[in-house]
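Chemist: TrEMBL feature annotations, pasted as is:
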TRANSMEM  A:16-34  transmembrane segment
TRANSMEM  A:54-72  transmembrane segment
TRANSMEM  A:79-97  transmembrane segment
TRANSMEM  A:103-122  transmembrane segment
TRANSMEM  A:129-152  transmembrane segment
TRANSMEM  A:172-196  transmembrane segment
TRANSMEM  A:226-245  transmembrane segment
TRANSMEM  A:257-274  transmembrane segment
TRANSMEM  A:281-303  transmembrane segment
TRANSMEM  A:309-329  transmembrane segment
Ligand SMILES: Nc1ncnc2c1ncn2[C@@H]1O[C@H](COP(=O)(O)OP(=O)(O)OP(=O)(O)O)[C@@H](O)[C@H]1O
Ligand SMILES: Nc1ncnc2c1ncn2[C@@H]1O[C@H](COP(=O)(O)OP(=O)(O)OP(=O)(O)O)[C@@H](O)[C@H]1O
Ligand SMILES: [Mg+2]
Ligand SMILES: [Mg+2]
């Protein structure tokens with residue numbers, strides 16, 4: 001066989017190949033609809049264009065999804081991320097709004113620190129329920145999903161707190177070196193999480209816990225501690241996302257911030273190739289997943305799809321993404337094209353087992 | 001040549017509850033405690049009608065949760081239920097509005113849900129795609145259908161529907177509605193199916209270990225598809241009951257219902273990883289949610305946000321106690 | 001014999017996994033009324049051949065005919081329906097269902113369309129009685145030990161009215177008695193005209209029952225032989241592909257100076273250690289450099305003892321001292337901190353993480369002990385993994401292969417490697433040679449001997465009494481979840497005496513009484 | 001307006017009391033916006049002032065929950081039931097139950113489409129269609145001299161919600177008067193600032209010339225402001241902005257010249273509601289429909305009104 005062919009097979013076989021193809025297809029569709037879609041110009045020293053918007057708007061989702069990846073890798077799930085984002089954003093805004101000088105950097109840093117601290121406490125709460133008491137993750141985090149939303153509204157008294165703080169606003173809409181600051185934060189957090197998991201042994205240990213918790217325990221892994229940790233990390237990521245979302249509009253809306261973001265985050269993780277059963281996780285896949293989701297949302301607006309049918313459009317794209325990504329689906333197609341090719345074995349991935 | 005018999009376990013006393021039922025019984029006990037608290041706090045709480053109302057108000061949730069129980073028992077999940085409920089109600093309302101005969105409407109409405117469920121099951125099985133993502137797409141699809149049919153709510157004035165909605169079945173001083181009877185019938189059928197049919201046992205088998213079930217020669221694919229179809233059917237029935245309940249179809253109704261149903265199933269002691277749980281537990285789970293809500297309405301002094309915090313708190317207290325009781329009995 | 005028509009023929013079967021040619025043009029014939037042993041080293045392709053036959057995997061080439069009809073099963077369901085009943089290598093049952101259901105699921109007795117639970121329980125009880133297993137069939141399967149589960153799997157397979165019965169290493173965790181039961185039943189079935197495929201690594205079992213032998217090596221067919229015409233030595237040579245010089249007997253091991261070992265301070269000492277409902281309180285000391293063998297019948301509590309030493313279960317009575325100092329070993333982490341390692345018997349549920357690679361599985365315990373902040377340097381990983389892949393001949397020798405793609409025996413070796421690299425002071429081995437071929441088994445035995453020479457304490461559990469006797473300095477006998485005897489492994493000790501100790505459950509022979 | 005104080009109040013423990021105090025069961029839609037919270041607070045404050053005992057229930061935006069709450073109010077035998085329907089349809093059954101239990105019902109904020117008008121005593125609230133129409137009429141008035149086409153973009157509320165449907169409808173009806181006025185793009189911003197901003201960003205890129213923005217509420221308009229500024233345009237000048245609601249932040253933007261026009265949708269109907277409750281309880285005749293006092297604001301009016309705005 002020619003080397004070109006094997007190289008091609010290597011590229012198409014890569015996990016990120018099909019999600020990236022989907023992303024490109026979506027962008028291409030937009031460009032066909034409106035050729036200027038891809039154009040990026042420099043306005044007031046900032047890059048400006050739909051592409052930049054997509055990346056900037058996906059920053060909070062990327063953050064939440066990163067934390068979610070780790071939680072899902074342990075075989076858990078965190079429904080509370082949206083509420084945690086709302087709580088932390090609300091607390092930060094409340095604190096800033098009470099300062100005499102909202103533009104003081106010190107005040108903003110204090111606000112962010114306080115809110116971040118509280119988010120860590122909320123993450124620890126989730127961690128204790130799951131790892132300490134042994135409540136099923138979905139229900140454990142559902143508690144905070146419901147109560148956290150109330151907490152956020154309690155903080156804002158059910159109103160929208162509007163602030164006027166340049167330093168805080170920077171988190172959401174500022175620029176650094178022509179790039180939106182939000183993108184830089186997302187990159188930085190991604191880097192931190194990647195280093196934390198892939199340069200240390202944390203990633204492997206998380207995957208071991210998610211792949212087979214009992215075996216990991218018997219191998220001396222402190223699985224509870226790890227499980228606890230991922231919920232804290234997830235809450236921390238959600239908190240930063242909360243700052244971004246509130247800074248984006250310079251206001252905290254306890255009801256709307258992060259609403260349904262947990263579903264998007266889980267979807268991003270799954271599109272990225274991580275299994276909900278736990279085990280292997282792929283941060284790069286998660287990021288591509290988040291970009292796909294945001295591109296999809298932006299496409300609806302950019303292509304002016306009737307809101308009444310927008311959901312149908314989303315459904316079609318989501319199902320297309322997962323079909324194209326599924327090896328079983330592609331194999332079926334290929335077989336039809338090239339009869340005689342090997343049928344795929346229906347080997348389902350299962351937790352805690354090693355078929356001989 | 002003979003092995004020594006393995007250390008025999010003590011004979012089982014007739015009153016000793018089998019290990020497996022402990023969590024469900026603990027849940028039942030806690031539910032009763034919670035009800036007792038309600039009765040002691042609020043005078044009107046002791047009316048039998050309050051209990052009946054919990055059933056009336058949660059009949060559709062119960063039916064949908066029963067379907068979800070099947071799915072979760074196989075270790076899957078179905079996020080589309082809320083949207084399918086809404087879609088069913090929407091379709092019924094709009095067809096009735098067009099003057100289609102109610103019997104035909106009923107038939108069509110009861111076919112759409114299972115058809116979507118069947119399609120999702122096929123995608124999940126044949127293409128080996130995670131249920132979460134497939135049913136999420138199903139959720140978008142069904143909700144999209146709702147807004148596509150109409151962006152406003154459609155009232156139902158059909159005679160059959162209104163009489164089904166407003167018929168009161170008297171039980172002494174109090175009453176239940178048709179929905180309650182339908183819901184209880186669904187529960188009974190589901191409980192029988194899970195316990196006494198091959199399909200039901202295969203559901204448990206797949207939840208225990210799909211790979212093993214496959215190697216044991218069980219019809220894994222067929223069962224998985226069946227389970228999502230059943231969930232679709234239950235959602236469709238739930239949708240009909242909801243359209244009885246509200247006598248209309250509204251595009252935004254039943255948003256977030258998938259979480260309520262999953263919560264009910266899991267509170268009822270079913271493991272999200274599959275293979276363990278009972279329909280009876282699900283009934284209890286739905287009742288727990290219903291009682292929590294009733295307690296909050298009866299209190300009537302909570303602001304919007306405290307309502308959420310208190311719901312979370314009660315849920316936490318309940319689940320914590322459930323865990324503790326369960327552990328102690330072991 | 002060759003005049004008869006084979007019930008099953010597989011011709012030129014090939015199966016390719018990404019990067020591995022698991023089967024390469026293999027032929028296989030099976031006649032009615034015979035027991036046909038399928039032999040080969042770990043990773044030779046035995047299990048793959050069976051899975052191809054029953055439709056778990058599709059073939060890449062080759063044909064299968066059953067009763068003269070060409071077949072191609074889409075899955076085990078069709079295979080079962082066509083009369084091929086299989087016990088796969090790992091116990092593939094449902095831990096969340098009752099024993100009775102595990103036997104009958106898929107063909108439950110029914111009345112008026114609904115499952116007849118009472119009848120099912122009754123028949124399950126009867127069936128298990130046939131193989132002399134007396135357990136509560138309403139209990140969840142998961143609450144029983146691996147050996148019991150293996151028996152249940154066998155019971156399930158033999159109850160079907162099958163023409164072909166396939167047993168892939170059914171005896172790997174069974175004791176001599178259960179094996180004998182199984183053999184008896186296999187003979188019975190064979191006499192009824194059923195064709196049986198039997199995979200095992202125990203040569204004596206093969207020679208005890210098999211009529212013919214097919215040997216595979218590296219995914220290729222070596223040949224098909226009547227058992228009577230193939231001497232043991234020749235069989236082994238055919239399996240490993242070269243002369244049998246590497247397999248010298250290991251008999252010097254127990255000659256080491258027991259007195260010297262016992263004179264030193266014990267490394268661990270259990271004093272009245274026990275756990276209610278699990279093991280009766282027992283006392284046991286293990287010295288550095290000593291190999292203690294645990295003997296007993298199925299379910300006698302050997303695994304439970306091991307788990308108590310390791311903190312996998314928490315003891316609720318008695319004390320444990322390590323190096324003379326009281327030690328509260330409440331969890332595995334505490335045990336590992338003190339240099340205790342535990343290689344569990346059930347590699348699938350309690351050992352390996354299937355999705356992770358061979359490398360990751362091997363370094364997991366070492367990494368866990370170091371904490372996640374201090375990753376094992378890549379160079380060191382490579383070196384260690386390389387060394388043990390070679391030492392234990394793990395195949396394929398690809399450290400980045402997900403461990404679930406390895407053959408059963410190779411998985412077992414990976415698990416063993418995980419603990420060996422941590423260089424523990426006490427190594428607890430629960431059935432470490434389960435499903436391992438003879439070559440590797442000798443290798444492991446030698447390794448254990450070598451390690452104990454180097455001062456490591458070893459607690460060795462094996463269903464094979466032979467093995468226990470060969471390696472141990474002291475044999476501890478368990479029965480009904482209590483420790484009934486401790487026997488010094490001197491010249492007078494043999495399998496017979498141990499069996500008697502197990503049977504009588506007492507120490508009439510003047511042995512140290514517990 | 002502050003939430004903590006409500007919980008401390010002794011408003012109702014459901015046990016009812018025999019001292020002749022009127023008990024009002026009120027089921028609110030939820031707390032999905034600042035507008036809604038102002039509405040809730042107005043009702044709570046007025047109830048306290050009027051000496052009416054309030055049984056408050058939050059339906060979390062779900063019709064099912066509202067029906068459940070009404071059933072429970074019936075069980076508790078409250079004197080009057082009031083609620084802001086989440087949707088227009090589907091109330092007949094439970095309202096019949098209330099009627100059978102002889103408990104009068106008052107609708108607030110939104111109407112229901114029951115054919116049987118005897119199921120409720122009266123309706124108090126705003127008319128969303130009218131709000132949309134007022135916005136549209138102002139625009140028609142402003143642009144009556146425009147010769148070329150006027151490109152309008154619309155930020156809709158949550159798809160399928162009553163205010164979104166009605167405001168869209170009213171606005172469309174009004175601008176039909178001038179064929180030059182054309183809605184070139186219309187998307188849902190979910191009534192939130194973030195939604196408004198995100199959608200507006202794309203509108204600005206996809207449509208080179210936008211003259212008018214019509215947002216279904218202030219919040220989306222406020223979000224859009226940021227997008228417009230970021231695109232280098234001047235809100236209120238380059239793009240005429242019309243919104244609905246008149247919450248404080250919106251009024252501020254209007255006074256600052258960033259918005260051009262707001263049609264008010266007042267949440268402060270507490271006092272009017274309590275009046276009605278007392279009348280209904282006393283068995284007096286009440287009008288079938290009571291509209292809240294509402295107005296519209298231009299930039300000048302906003303400057304004048306801002307200092308005295310309550311929410
Ligand atoms: N799903 C799979 N993916 C990739 N390779 C596989 C897979 N299953 C088996 N193999 C490879 O095929 C080869 C044959 O494995 P098989 O399980 O048939 O061996 P075996 O003869 O049964 O060995 P053992 O005695 O250890 O059970 C091995 O090299 C194994 O690594
Ligand atoms: N009679 C019995 N009833 C119930 N469970 C039993 C019985 N006998 C054994 N078991 C189960 O088997 C296990 C105890 O056996 P254990 O694994 O300690 O024995 P073992 O000596 O290692 O035997 P094996 O050869 O089965 O591994 C326990 O997990 C227990 O639940
Ligand atoms: Mg094998
Ligand atoms: Mg054992």
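Numbers here mean position along the shown chain, with the first residue as 1.
The backbone N, Cα and C atoms fix where each Cβ goes, glycine too.
Values in this document were obtained by computation on a predicted structure and should not be read as measured data.
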Chemist: Short question: which residues 6 or more past the ends of the transmembrane segment (A:16-34) have a Cβ under 8 Å from it?
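Modeler: Distant contacts of the transmembrane segment (A:16-34): 50-51, 271-273, 282, 284-285, 288-289, 291-292, 295-296, 298-299, 302-303, 317, 320-321, 324-325.
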Chemist: Do the transmembrane segment (A:103-122) and the transmembrane segment (A:226-245) share at least 3 Cβ pairs under 8 Å, sequence separation 6 or more?
Modeler: yes
Chemist: Applying the under-8 angstroms CB criterion, which one of A:172-196, A:226-245, A:257-274 scores highest with the transmembrane segment (A:309-329)?
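Modeler: The stretch with the most close Cβ contacts to the transmembrane segment (A:309-329) is A:257-274.
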Chemist: Are there 3 or more C-beta pairs under 8 Å linking the transmembrane segment (A:172-196) with the transmembrane segment (A:257-274), counting only pairs at least 6 apart in sequence?
Modeler: no
Chemist: Do at least three C-beta pairs under 8 angstroms join the transmembrane segment (A:226-245) to the transmembrane segment (A:172-196), pairs 6 or more apart in sequence?
Modeler: yes
Chemist: Within the same chain, where does the transmembrane segment (A:172-196) have neighbours whose Cβ lies under 8 angstroms from its own Cβ atoms, ignoring anything closer than 6 residues to its ends? I mean 6 or more beyond.
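Modeler: Those are 42, 45-47, 52, 55-56, 58-60, 62-63, 66-67, 70, 202, 233, 237, 240, 243-250, 283, 287, in sequence order.
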Chemist: Go through the chain and flag residues at least 6 beyond the ends of the transmembrane segment (A:79-97) whose CB is under 8 A from any CB in it; none is fine as an answer.
Modeler: 60, 64, 67-68, 107-108, 110-112, 114-116, 118-119, 122-123, 126, 138, 141-149, 151-152, 155-156, 161-163, 165, 168, 234-235, 237-239, 241-243, 245-246, 251-252, 254-255, 257-262, 265
